Amino acid sequence: MTKLRNTLFLLYLSFFCFVFFSEASVHEYNGQKFVSKGNAFVVHGGSEGIYSSFADTHNVTATAGDSFVRFEKITFRRPKESSNFSSHSIQAIVFEVEDREAIGGSAYGGQRAVCCTADLAKLGVCSEGEIIHRPSTKNPGWPKVFSVSFSEDDEVTTLPLKSIQITKTGMYNLYFIHCDLNLKDLTVEGKTVWKNPTGYLPGRMAPLMNFYGFMSLAFVILGIFWFLQYARFWREVLPLQNCITLVITLSMLEMALWYFDYAEFNGSGTRPVGITMWAVTFDTIKRTIARIIILMVSMGYGVVKPTLGGLTSKVTMLGATFFLASEILELVENVGAVSDLSGKARLFLVLPVAILDAFFILWIFTSLSSTLNKLQTRRMVAKLDIYRKFTNALAVAVIVSVGWICYEIYFKANDVYNEQWQNAWIIPAFWQILSFSLLCVICVLWAPSQNSTRYAYSGEANEDFDKDDTNLTLIKPSPTPSKDFRTAPETRTVQGSNGASSNGDLEEDKTE
């Protein structure tokens with residue numbers, strides 16, 4: 001039971017570690033109120049992965065190129081009616097995640113406490129009413145603790161300007177803590193600045209800036225290939241290829257926006273809301289359009305049927321719902337203070353997107369199965385071949401996605417305190433790489449060419465076979481083509497030899 005309590009306490013200390021990564025490296029406190037946790041009152045000041053800088057004993061403050069955590073105008077404020085007494089210390093404590101056991105303690109193996117209790121005071125290990133902390137055995141001089149207190153009649157007290165130089169790479173946490181029951185309405189104002197050697201990006205996010213730079217270049221190369229083919233065979237371009245062009249264009253803009261978002265964040269320490277919102281919106285639009293296009297292709301749109309018929313409204317409704325759910329989720333995760341989002345609230349936003357994605361996948365593969373059967377029945381060999389390759393690519397993407405989701409769950413379950421923060425950027429990067437890879441496969445399969453029209457839907461009778469990819473004897477068209485294929489003598493002969501199946505297919509096309 002004691003071990004469970006200790007674990008719960010440590011989990012609380014790291015609870016906000018993950019969600020704070022999307023915050024700016026300039027952490028602002030606008031009157032946050034201290035929250036009671038155990039026998040202490042706590043405000044979480046921030047958690048970030050920071051790479052080390054070399055210590056310079058001659059520098060009294062951190063300079064450009066150094067890693068540091070700096071306190072600027074940290075002010076504590078109490079109500080006027082509570083200002084007629086002096087207070088116990090209010091402490092700001094900064095520690096590396098490996099030193100989490102150095103914070104708090106328990107008497108005789110009892111419940112773990114942050115503030116010194118009477119029993120612990122009797123043992124002589126701390127002073128009653130003060131925060132329990134011990135020197136780190138791994139990091140000499142840590143944790144860093146700064147104290148300030150209220151004098152009698154003071155409503156405001158300010159922590160002096162402090163700057164902590166980081167000389168060891170690690171996950172650092174900041175908490176403001178006090179143990180005075182008379183200060184239960186205490187609030188904190190001001191800001192802290194967290195900096196890595198290369199800029200203000202938090203350590204977990206820093207590799208993503210270079211990643212989006214490389215992805216921008218990759219999409220430019222793919223775009224050059226596609227647009228050259230598009231310009232070369234513009235007379236043969238299909239509506240599907242116009243949709244692929246739109247997805248490539250949106251992808252290039254999205255990658256560029258994400259790169260500039262991180263670059264601005266790295267340079268200023270605050271995330272640019274405007275660029276972030278545009279990046280999120282382009283990302284959501286791209287993903288929505290990509291899913292709708294894949295679904296339409298899977299249904300055979302433009303290949304075995306000219307329109308979606310009555311399914312158009314259903315596809316549109318599914319796409320609009322997915323866009324709305326994804327946009328809300330991405331805005332909440334990337335814009336503003338993510339630390340206000342609890343685990344249950346995040347699950348509430350993630351769940352609809354996951355369900356809609358699953359529905360897309362189910363509908364896509366159900367439609368693909370129907371389209372493949374139809375192409376095989378009509379012996380459209382060229383179209384059947386490209387659809388089989390497309391199906392295989394989608395199947396591989398889904399299998400890899402499921403495998404990566406399992407790894408992501410394993411990664412997060414085994415990294416409760418975010419000690420693997422240096423590798424965490426790989427998780428979002430993987431999804432971008434998988435999306436890019438699938439788009440490349442689609443671009444290769446449906447690249448504009450002089451034979452593009454052979455994959456397009458045609459109302460002619462000889463579409464029942466594909467003369468480019470089979471040695472079967474084809475039916476010669478009548479001298480005077482007629483739109484009513486059932487009246488042509490040749491067609492009646494085919495129907496007579498093949499039974500009712502061919503007639504059923506033609507009737508199915510007309511109803512669709």
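Glycine too: its Cβ is placed from the backbone N, Cα and C atoms.
Record note: among 243-263, 390-410, 390-410 is the stretch given as transmembrane segment by TrEMBL. With a threshold of 8 Å between CB atoms, the same-chain residues lying at least 6 positions outside the transmembrane segment (211-228) that come near it are 244-245, 248-249, 251-252, 255-256, 258-259, 262, 425, 429, 432, 436, 439-440, 443, 447-448. 390-410 is the stretch from 288-304, 349-369, 390-410 with the greatest number of Cβ pairs below 8 Å to the transmembrane segment (425-447).
Packing against the transmembrane segment (390-410) from elsewhere in the chain are residues 294, 297, 361, 364-365, 368, 372, 427, 430-431, 434, 437-438, 441-442, 445: each is 6 or more residues past its ends and has a CB under 8 Å from a CB in it.
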